[in-house]
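Let me begin by presenting the structure, written as structure tokens, before commenting on it.
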Amino acid sequence: MKNYSKNATYLITVLLFSFVTMLLIIPSKCEAVSNDMQPLEARTADLVQQPRYIIDVPPRCPPGSKFVHKRCRVIVP
């Protein structure tokens, strides 16, 4: 006679592992579907970066020089 308890234990282990795997995978799929069902404006609002306010301040030049054409130039008298 075959050992049916060993086969049953193996079958229960496989079924339990499959059930736990489904419990982990299905919620993530549902979340992805719910994100796709949002209006396009709501999804693109998350993707658009906020504009950065860049203030163009010229660098400080050493004494006796002047900032000309994006560089510090020494003024010759």
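Any Cβ shown, glycine's included, is placed from N, Cα and C.
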Exercise. Swiss-Prot pairs Cys72 with one of Cys30, Cys61 in a disulfide bond, so which one is it?
Worked result: Cys61
For this session: According to DSSP, folded down to helix, strand and coil, what is Cys72 (disulfide bond)?
Result: strand
